[in-house]
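J.: One structure follows; several queries about it will come next.
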Amino acid sequence: MGNLNDADEKPYCSSESPDGCHCDRKDSTAADHGELYGREAGIWKASFKQLARGDVEGVSEAYWTLGNVTCTGIVGWNESIQLKNTSLEMPFTWTGRKLIFRFKTDQQNAILLEQRHKGNIFYLGFENASTLKLSLRVDGDPNMETSLLSQRPLDDNKWHTIILQYKWSQIRLIVDYWKEGFLNLENGSENLGKYFKGNLIFGGSGANFSGCLSYLAIENRPTNLTDLITGSKLQNGCQDLCQVQSSKCLNSGRCTENYSQQSFQCLCPDFVTGDFCENDINKDTDVTLFDAIKSYALIANFTENPLTNDVSFGFRTDQVQGLLLYIHDQFHNFRQLHLWSSNKLTLTTNYGRSIRRCTVSNVEKDFDTMQWIHVEVGRRDDHVILKVGDLWCKIDGPQDYSLSYVESWDNEQDAKGVEIFIKNMNKRMLEETNDQERTTTKKEATRTSVNR
C-alpha cells in the first residue's frame, strides 16, 4: 500500500491508486486504509519496516490489522459447467501429474474419468453412491484396481473433491480431503504417458453423466471450463435448485436435484413423511436424561428384533462422550453406539464371536452442539451400515449372530470396552432394582405401622 519514496500525502488507498499511500507518514496517530479488489488483489505476503526518526527515543510501536477479507478463489476456478447425459473431453492427456477437480451429481453410479489408447485403459468411477473404483490396465497386463469408500454419499448433490497423483510407483486417490487410497503399479518407474495418447474424458466414453464439474486443474493450473462447452448438453454454470428450495425440506430432509428434468425432491429420514418431510412421527415423544452416569431409557418387548432390523433415532447433547444406544439379546449378541469424542460416533457389533466396528467422523461439525442429529443403523445382506445425517460408514460382510451364549470373544482387546460397559450396566440395573425393592419394603412397613 505504501510508497515511501513518494513525498505526497495520499490519505486513502484504493485499486485506483497503484502508486500507494502513507497518510501516517507525518502523524503517528493516523492510519493507512484501503480496499483491494480485482484479479490481482490477493494478499500473498505482508512486510513491515520501521523507520528511524530523530525526534523519537526508545522503542516505537505500530499496530496492523486485517479485516473484512473475502476470498473468492483463483482466476478460472470459480467456473462450473453442467452436463446432461453427456461427457466432456479434456484438452490434455493424464500422465500422472497432480489432477484435482470437483463434481456433484444425483447419480448413484457414474464414470468420472476415462482414458483409452490401444487397449490401455485408465478408469475412475463410483458405484452405489459410495465406492470409488480406480482401475488401470497397460501393456496387456491384468487390471490393477483399488477401491475407496467415501464417508459421504456421492449422489447427495453436494460438491465433492477428487485428487489424483502418480508418485513413487503409486497412484494416490483422495476424496473430499479425508479418505485416501493407493494403487501400486508394477512398472511404477515408467511414465504413464508412454501408454496413453489423446484426451482424458470426464463422464467416460458412454457419455451418460448428469451433474456439474468445477475446479479442474493440472499441477494447480486451472482449466478454463467455459472454453470446452460445445453442444446443447453442456451449459455454463450449474443449476442449484436446492440452494433456493432447501428451506422447504423440513426435519432433516435432504434436497436432491434431478439435472435432466431440472427438478428437486426431498429425501426424508425414516422418522418423517410427506413431500417436504413435514410430518414427524416422533413428535412430542422425546425424553431428557439429566445424569450422564445413572440416567437411561430402558425399552423392551419389541415386536421386531432390533438386532436384525433397522433402528433409527434422533439425539442432541452437549457431552463430548457418552453411550447413545445399546441393544443385546440372551446370547450376548449386541449393537452399541458410542460418542467417542465431539465429532466421532462409533458403531460396535458382533459377527459371531468376533467384534467389529466402524466410525463416522464429522470434520465440518461437532455432535455436541445441542442440535438434533439423526442416526440410522441398518443390516444388509453383505454389510452393516451406520448413517449419521449425511455421513456414513459400513462394516463389510454378512452378519451372523451367535446362537449360543458368548462367554468370550475372539478379539478380546476389542471386547474389553464392551465388557466393561455390560458389567457397569448390569451393576447399575441391579442397584436400581434393589433401591426399588427397598422402597417397596419401606412403604409396606409404613402401611403396617399405620394399620396397627
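Cβ coordinates come from backbone N, Cα and C, glycine included.
On a predicted model such as this, the values are computed, not experimentally measured, just so you know.
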J.: Under TrEMBL's annotation, the disulfide partner of C249 is which of C212, C266, C268?
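T.: Matching partner in the record: C266.
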J.: Based on what TrEMBL records, which one of C255, C268 is disulphide-bonded to C277?
T.: C268
J.: When DSSP states are folded down to helix, strand and coil, where does C266 (disulfide bond) land?
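T.: Note: C266 (disulfide bond) is in a strand by DSSP.
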J.: Reported as an integer number of Å, what is the Cα distance between C249 (disulfide bond) and C277 (disulfide bond)?
T.: 6
J.: Using DSSP, break the domain 'EGF-like' (239-278) down into helix, strand and coil residues and give each count.
T.: 8 helix, 12 strand, 20 coil
J.: Quick one: pull the CA-CA distance for C277 (disulfide bond) versus C266 (disulfide bond), whole Å only.
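T.: A Cα-Cα distance of 7 Å.
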J.: Which number gives the other C-beta atoms within 10 angstroms of the C-beta of C277 (disulfide bond), all protein chains shown included?
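T.: That number is 21.
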